[in-house]
Number of protein chains: 4
Amino acid sequence: MLTIGMRVNLDKKKAETVLLQLIQLLQEKGVQVYIEPSVAEKTGLHELALPIERYPEFVKIVFVIGGDGTLLGIARQIAPFQIPILGFNVGNLGFLSEAEPHDLSDAVDRVISQDYYIEKRMMLQAELVRDGRVIEQGIALNDVGIAKGSFSRMINCTVSMDGNCIGHYSGDGVILSTPTGSTAYSLSCGGPIAWPELKTILFTPICPHTLTSRPMVLPAASILEVQVSAIHQEMGLTIDGQLGYPLQSEDIIRIQTSTFETHLIKWQERSFFQVVRKKLYGEIVDDKMGG
Amino acid sequence: MLTIGMRVNLDKKKAETVLLQLIQLLQEKGVQVYIEPSVAEKTGLHELALPIERYPEFVKIVFVIGGDGTLLGIARQIAPFQIPILGFNVGNLGFLSEAEPHDLSDAVDRVISQDYYIEKRMMLQAELVRDGRVIEQGIALNDVGIAKGSFSRMINCTVSMDGNCIGHYSGDGVILSTPTGSTAYSLSCGGPIAWPELKTILFTPICPHTLTSRPMVLPAASILEVQVSAIHQEMGLTIDGQLGYPLQSEDIIRIQTSTFETHLIKWQERSFFQVVRKKLYGEIVDDKMGG
Amino acid sequence: MLTIGMRVNLDKKKAETVLLQLIQLLQEKGVQVYIEPSVAEKTGLHELALPIERYPEFVKIVFVIGGDGTLLGIARQIAPFQIPILGFNVGNLGFLSEAEPHDLSDAVDRVISQDYYIEKRMMLQAELVRDGRVIEQGIALNDVGIAKGSFSRMINCTVSMDGNCIGHYSGDGVILSTPTGSTAYSLSCGGPIAWPELKTILFTPICPHTLTSRPMVLPAASILEVQVSAIHQEMGLTIDGQLGYPLQSEDIIRIQTSTFETHLIKWQERSFFQVVRKKLYGEIVDDKMGG
Amino acid sequence: MLTIGMRVNLDKKKAETVLLQLIQLLQEKGVQVYIEPSVAEKTGLHELALPIERYPEFVKIVFVIGGDGTLLGIARQIAPFQIPILGFNVGNLGFLSEAEPHDLSDAVDRVISQDYYIEKRMMLQAELVRDGRVIEQGIALNDVGIAKGSFSRMINCTVSMDGNCIGHYSGDGVILSTPTGSTAYSLSCGGPIAWPELKTILFTPICPHTLTSRPMVLPAASILEVQVSAIHQEMGLTIDGQLGYPLQSEDIIRIQTSTFETHLIKWQERSFFQVVRKKLYGEIVDDKMGG
């Protein structure tokens, strides 16, 4: 029997409605459904409660009802388990969420009949090294950012790849991004858009002081190190723009491709470029049409 | 008798040597010299002490020994008095400092014989308005920045000119710059280089989420307002990247051309473009040659 | 009696319909209307024919029915006569055309009752100097472009302002733009958006080989000179992207603010920023609301 | 016995001297040397003449004495034969040339003792399709450019990947680049710098009319098609900026990774980033030091 774990961002309007509709549709088809305990509490569906830690035992697919931000958080949590994720977009058009709330029944049918493919998205592993010891580590689906605070004007980043110095970057910081993250903050910083299934790490300086500092496309197999320095203490490391750690001068952030990947459920007929065109170019693209 | 006030950044190597040489050169020529009390203390030249507040009474010209950063701070302090400033650059090549440490004697002769011209640089006045009241105000020679902190991903800025909405900008923030500031942080954010004596306000979004958000060149006579909002509280206002004020959601920052100007002493034969070419293009330009 | 000269781009769909409606509306109000001879021929309205050369004698206002491109051409032709122009936009939203085809009657009433203001737009004068002689000259409302051809990779431009070298630019060429032209080709090349009534000349290198080459905002009172060189002969000078002249190595193009201005008729309530937001940001902006 | 074919650009100063020195050094070590017939004629070394067509039979390594441009041309010619190339840079610092003229003896020793590694650079194959037929084809080490001429303002490119529309690009054209070409024209157009051994195709619009049109990093395994259209006939296709073909409206340019690669001889201790830092950042980097 198919077992689906459902994660929902109840701050989003429509999210609860979509959740309840999906539960009903899935249960009608004989699918076992689980929701997180806090949501079970809130909705009174106590018998469906299952904490995410127990997903590896039971859950075959995760449904995420929210926006790209919600999905990012779940993806990091379940990265070690390789459980495929289907995102239901209840906010603005997203790059990660595939299903639209207006075709829930269709989405459920497709999932049950396995009429989809799995897109494997590389992730980044980040380690914060202080005085030679790893003191924090995390995994990112979008990006690892190293940035100054709002009052400080500049931080210095010395960036190396496999021990070779790439360069010294003074400015607001640097961002290391997966192809998945290339349409997020990296793009705002001037980085290129990368085809989501590529294996590559994008390195983009943020408002660099030196005008010749440009975005770089680097091998997925490389180990990147960023050593920060500044005369102030207002620097931070962020994971997917969601988790933050304060940095100190001389800290090293080591970034490499994670051994984990995010497995996204995708329909065959919608292309990445359609989303780019709709979301970035403002084009009106028919969802149902090929590319 | 010519009276010169001298301000020095003793953190810079060579600064104290240059200071003492200048004092000697000036005193030999019969110029009255003043230095700040803390420096008088440190150097034992107690009889030369004069606090900057008393400059309007006595001082005809200010010498600044330091880098562009030092000069920015002095320029803001003496803005109301229109006392001309001559910068002695003891760090990297600067845009504001005109005199080089290796020709101190020449610089002194020129100042005494008035063989220079005064470049008038516009300044910006910034007011921080909260709940309808102006709670802070400041004056900037370079720029007024409004930016997110290191952990927060995005702030929203609604920008208007003379009451007309320019647009909504989501991203790392926005920067309003004078032509003088156009070669500083604004340039790192993608803004254009402006001829320093122009009267215009440059508006540049910082890493904007919307790719169509572009730098703008706006009339010096306009009143610009930036209203910030964010779901977090990590936002700040900075003046010349040196003074900072925390911002709250719904704060309005009102920016307009100041009634004060900075008066810079400049030699005739060195052009702005020479500095641009040396500093930004890395070109080797002969200082002594016309542009 | 008010006399209006009408210029129309009949290649645009709807243009002839708009023309005929306007003629009828204007004649009903007792306005004397003229059209160009070729259009008079085509529409059978022979008695309305008047060549543009005779506009200075008779015509008080010019109506242009077309797109921004059509208006640019007319603006150059009538620049010496300072006759105000009202553009009727029959294509995509334009920056220069103020009136929309769906409110022709309203536009006519406003013109007759003088319920509008005149926006004065600076123009550029360009001279092509070869072997010390001016061999071509032209006037531009948008821009003066100097560019390589499709097969040649690079041209070199040495650019100076008032005799001072700005820099050497290798790449696809350079563009000198008015504020009006700042939303046209200059923007595609990375230039800033300038408030249309500013007096300034924008200089933007096109795909420069040197990454530090950045757009510049220069004084309207300056004389700019661009000397081109290349090992090939595929270089051209363009005026508003509409007129072209082949260039030879060592040619100098001299650009300065023209003594002529274009006088555009504008409604009070629509702001430049509304058009920017609609056209560039893809925002949905209500035409009738203050900006 | 090692056999080396030598190709030289005699337009470069020092090239002939370097050529003769290399011939002497190689012959002293018992290496069989060939030069192109025209150069044999010019230098009187008739017995060394060998046309490039006969390289596959005899030549094990090609020495190229010139700049990056010279090497690009040779690389295209010998692409099918996979003969390794060592570039001797006699112009400005290059990305492709590894050996410097001041250490010819060292370079020769290394080649003979095989103290080097081979860097395999992907190439692009371009086909020009008109009316359904391939009428031209070529191979590029750097890039395939599709661009307007100097007088025409805009061409339209509809770009697709594996049959899915990427988008419509109006502007000066588009450029498809290998990682090797990422530091050439693509960079001037705003593209990222790609690690040279990556397998990826970079797509960069040239001065796009739509501000949201951004550089893209695409899979090396994809088939890209660009269909051009314009109301004028001034469009061209270029290969490495060196070969050109006129284009007509509705032409399709099909680009994919070539089955051929360029094999570059590289020293172990010099990194790509050193060249980036020297050439683009203007940094002073010691050639002899690692990274």
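Each Cβ is built from the backbone N, Cα and C atoms, and glycine gets one as well.
For the NAD(+) site, TrEMBL records D:Asp68, D:Gly69, D:Asn142, D:Asp143, D:Arg153, D:Asp172, D:Thr183, D:Ala184, D:Tyr185, D:Ser186, D:Leu187, D:Ser188, and the single candidate of D:Gln21, D:Gln242, D:Gln248 listed with them is D:Gln242. The binding-site residues examined here are D:Asn142, D:Thr183, D:Gln242; by Cβ neighbour count within 10 Å, the least packed of them is D:Gln242. Every protein chain considered, the tally of other Cβ atoms within 10 Å of the Cβ of D:Leu187 (NAD(+) binding site) stands at 23. Listed binding-site residues D:Asp68, D:Arg153, D:Thr183, D:Leu187, D:Gln242 compared with chain A at a CB cut-off under 8 A give D:Leu187 as the close ones.
For D:Tyr185 (NAD(+) binding site), the Cβ neighbour count at a 10 Å cut-off comes to 26, with all displayed protein chains included. Here the binding-site residues are D:Asp68, D:Asn142, D:Thr183, D:Tyr185, D:Leu187, and the ones sitting under 8 angstroms from chain C, going by CB atoms, are D:Tyr185, D:Leu187.
The maximum pairwise C-alpha distance among D:Asp68, D:Gly69, D:Asn142, D:Asp143, D:Arg153, D:Asp172, D:Thr183, D:Ala184, D:Tyr185, D:Ser186, D:Leu187, D:Ser188, D:Gln242, the residues recorded as binding NAD(+), is 30 Å. Of all the Cβ atoms in the protein chains shown, 23 others lie within 10 Å of the Cβ of D:Asp68 (NAD(+) binding site). Around the Cβ of D:Arg153 (NAD(+) binding site), the number of neighbouring Cβ atoms within 10 Å comes to 25.
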